[in-house]
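**Q** The structure's right below; bear with me while I get my questions together.
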């Protein structure tokens, strides 16, 4: 039922979502993933199988959920102006919640770093911790991430200006820059001399940078989806809500990373 046909039967512009199994399925999959990560930190036998199963379940259910949303937006015409305003507002509230989460992590870091107690040796980083050097992989990652912010802006201007080629090329370059960032971050983690179990420093460091790492993985998936939709002419110069939220998400993660780099890598060392 198109938007024109639906308007003959209802007197409001809002989309009444049909019953869907995906919210509850994704919720249980995310809960299983969080549980498996907790089991991993405590060294339970067979925890990796649960992690792989949870990641597979989250990926599959999220993909099917995205498929339904794309169908509602592109083929059924359910995303009216009022619905798009609601989506934008919901995403802004999501961004605010993410900022508050990272604010709590920065608070935890400063709480221990500015007044290290005797158990930490009275110094920061604590005695025995060899911190990651800010001029190595973290600096490269910072350059990559700032470059991705420039390329996604280039792509956005191309889409709004009707230049499809620039929009596609900028989006593709941004996607690969994010993939390179995630790869470099993984290499940094595997070569670090401390883990998340190494006291308050390891816990806060991996909680902050690791949470940002997970968000970058999500961003890569969002960029891939938007690239596919743009290639298939789902997005126009005036109707591209998912694309705009992805651009905003990319810039927010850039800003958060700058604070992480300055505080966790540079000031903290």
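From the backbone N, Cα and C atoms, a Cβ is placed for every residue, glycine too.
Checked Swiss-Prot, it gives:
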TRANSMEM  21-41  transmembrane segment
TRANSMEM  45-65  transmembrane segment
TRANSMEM  90-110  transmembrane segment
TRANSMEM  138-160  transmembrane segment
TRANSMEM  167-187  transmembrane segment
TRANSMEM  205-225  transmembrane segment
TRANSMEM  247-267  transmembrane segment
**Q** So which of 167-187, 205-225, 247-267 is most in touch with the transmembrane segment (138-160), counting Cβ pairs under 8 Å?
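**A** By Cβ pairs under 8 Å, 167-187 leads among 167-187, 205-225, 247-267.
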**Q** What residues in the same chain, six or more past the boundaries of the transmembrane segment (205-225), come closer than 8 Å to it by Cβ-Cβ distance?
**A** 62, 66, 98, 101-102, 105-106, 108-109, 152, 171, 174-175, 178-179, 181-182, 185-186, 189, 194-196, 242, 246, 249-250, 253, 256-257, 260, 264
